[in-house]
2 protein chains.
Amino acid sequence: MTRAYNFSAGPATLPEPVLRQAQAEMLDWNGVGASIVELSHRGAEFMGVAAQAEADLRTLLSVPDDYAVLFLAGGATTQQALLALNFAAPGQTVDYVVTGHWGKTAIRQVRPYVDVHVAADGEPGGFRDIPPRQDWSLSADAAYVHITANETIHGVEFRDTPDVGTVPLFADFSSSIASAPLDVSRYGLIYAGAQKNLGPVGVSVVIVRRELLERAGQPRADIFNYASHAARDSMLNTPPTWNWYLLGLTVKWMLEQGGVEEFARRNAAKAALVYDAIDGSGGFYRNEVAVPVRSRMNIPFFLPDETLTTRFVAESKAAGLLALKGHKAVGGLRASLYNAMPVAGAQALVGFMRDFQQRHG
Amino acid sequence: MTRAYNFSAGPATLPEPVLRQAQAEMLDWNGVGASIVELSHRGAEFMGVAAQAEADLRTLLSVPDDYAVLFLAGGATTQQALLALNFAAPGQTVDYVVTGHWGKTAIRQVRPYVDVHVAADGEPGGFRDIPPRQDWSLSADAAYVHITANETIHGVEFRDTPDVGTVPLFADFSSSIASAPLDVSRYGLIYAGAQKNLGPVGVSVVIVRRELLERAGQPRADIFNYASHAARDSMLNTPPTWNWYLLGLTVKWMLEQGGVEEFARRNAAKAALVYDAIDGSGGFYRNEVAVPVRSRMNIPFFLPDETLTTRFVAESKAAGLLALKGHKAVGGLRASLYNAMPVAGAQALVGFMRDFQQRHG
């Protein structure tokens, strides 16, 4: 068995020790005679796993006590719809700052329920920069302001938390949660699909200031009610237990590695390696995102033509560097460098990039 | 490592060969250098896994071509809410036949959206029988009729498909899908959380007659739209890939074992063993469900007092028979005998029951 370096944007590479532990426990978790995936979510065994995962995630992200942490089935897209249902009155204004593909997706999910106001839009600039804060047209009476902390396709990332005054700031942190220190108290709500930095696909995390759960929102099924999930410790119905378990192992691994400060250091090092290789290629490789908002997690880059791009994808895969093809919305290439990607993976990538340029440049 | 017999109602026991394969492939699926849980849902590898799982499930359940098969995140409760959103106009009448706890849950999810008419209710009879079809008060203009094919807590099961005329019949088959042959064409829609007979928690299956997907339903986010999921082969957003993969392994195992006819035979044998042990105990063990509607999947049973019940749970666990405690809504004991529970497991249980009675009866 040879493990490749997997640059997939998500589902994405996981820490090998996490996979090894899941493998070892697959038929018999902790000596109980059954796999964790076979145990009742209401039994003492899984309840312990779930509680430990929450405690560790609170430690990792320094989540204040007045925030609830929910572990929910479905991905970030489902949470995007639930934001409007839970926190905005029917037809109420909500402000969205659009800095890439996923900001647009977030809007699509809430249009049936609320009055969407695009407070700022990076699309006229090709999503190569984040519109400066002073140019945003925020609504005084918005239910919330929504941003996408990191855009996986366009490779644009908020490096700082914008000040939006007293309206709660909601943020999609699917692709950058736990990649660096974060002041949760600046946000009303943070949500993230787990399949990038937090572990496996199939579970999402919602971190929400508890007082916001008292909002009436809109008529909705109980299963769409964050307050109901919070009141039942995310056991309102059968949660995705195995996914939650693997998330817990991943979070524990991140704590053992040194926490978000250590990953911020590694992520900066990995991103610097790849951006330097791009910027130092004399134009052979291109990334057009404004330097101050370049994503540390997802680096889209482009070659002079389609033939070279196809060749790069094929040759890199043969060299054990997986999933470097860009998203179809923008084409080209993309390297995702989540927490579980070691610095050695980024080094292997830039080594390959230099070699590829020498052969084809 | 010793594998116990796990009688959990769900998440539930899985076939050991399925767990062994998942274990073997955990770090490197099919030689690609990464786990299946790390691969993009849009890559050729996972697309192949997903398509094979659908093809195998269609074979296992003899799903007609004019039915879509969806693989969705979340459990059955989420689907319960989506039924109203997708198939009923705002405030339209929907008919529900309530034969246990989960029928009531299904109603709770749709009350915000539709006019719920309870066409029949087994609760006055303590959910010990299914109200006879001729006593149901169906609405002529209902959007659909909903039944719960098998009630895991009350142990009541429809042994035949009721005739409800031209209104589409919707059924929660979470706990009995694939347990016996089924004529899918009698239903407008069948849904099931996978964590009982189809494999792991965290993914649900919806089998729906395609023409129903043309209904307008109610204003809703795209992520709540079954037609959108169908149009994108359940890849509208990132699906729970690992759960889908494990479902595929489980379905493949069921086909290899002989399909639903073989499981119907095994399930009848297992249920007969346990019901005979109860009925032949001279009243030491009790199950009060009317014989014609006794569930083959979940057998709730009761001892003379609480002290014995507590002792039974502790002693059976020590004997390697897990999760026999009844649901808190009804108390007592419960044995779940899903497809992955071998006949030997039911034999071990009745052996223990007879021994326990000799010692404490």
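Cβ atoms here come from the backbone N, Cα and C positions, even for glycine.
TrEMBL annotations:
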DOMAIN    A:5-348  domain 'Aminotransferase class V'
BINDING   A:Arg42  L-glutamate binding site
BINDING   A:Ala76, A:Thr77, A:Trp102, A:Thr152, A:Asp172, A:Gln195, A:Asn237, A:Thr238  pyridoxal 5'-phosphate binding site
MOD_RES   A:Lys196  N6-(pyridoxal phosphate)lysine
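Annotated features taken from TrEMBL, shown on the structure.
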| residue | record | DSSP class |
| --- | --- | --- |
| A:Arg42 | L-glutamate binding site | coil |
| A:Ala76 | pyridoxal 5'-phosphate binding site | helix |
| A:Trp102 | pyridoxal 5'-phosphate binding site | helix |
| A:Thr152 | pyridoxal 5'-phosphate binding site | coil |
| A:Asp172 | pyridoxal 5'-phosphate binding site | strand |
| A:Gln195 | pyridoxal 5'-phosphate binding site | coil |
| A:Asn237 | pyridoxal 5'-phosphate binding site | coil |
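Using a CB-CB cutoff of under 8 Å against chain B, the recorded positions that qualify from A:Trp102, A:Thr152, A:Lys196, A:Thr238 are A:Thr238. On the backbone, the CA of A:Thr238 (pyridoxal 5'-phosphate binding site) and the CA of the residue listed as 'N6-(pyridoxal phosphate)lysine' stand 23 Å apart.
Spacing of the residue listed as 'L-glutamate binding site' relative to A:Lys196 (N6-(pyridoxal phosphate)lysine) is 27 Å (Cα to Cα, whole number). Within the set of binding-site residues (A:Gln195, A:Asn237), the lowest number of other Cβ atoms found within 10 Å of a Cβ is recorded at A:Asn237. Largest Cα-Cα distance over the residues recorded as binding pyridoxal 5'-phosphate, namely A:Ala76, A:Thr77, A:Trp102, A:Thr152, A:Asp172, A:Gln195, A:Asn237, A:Thr238, equals 31 Å. Here the C-alpha separation of A:Asn237 (pyridoxal 5'-phosphate binding site) and A:Lys196 (N6-(pyridoxal phosphate)lysine) works out to 25 Å. Considering only the recorded positions A:Arg42, A:Lys196, the Cβ with the fewest other Cβ atoms within 10 Å is that of A:Arg42. Note: the Cα of A:Thr152 (pyridoxal 5'-phosphate binding site) and the Cα of A:Lys196 (N6-(pyridoxal phosphate)lysine) are spaced 10 Å from each other.
When pLDDT is averaged over the domain 'Aminotransferase class V' (A:5-348), the result is 97.
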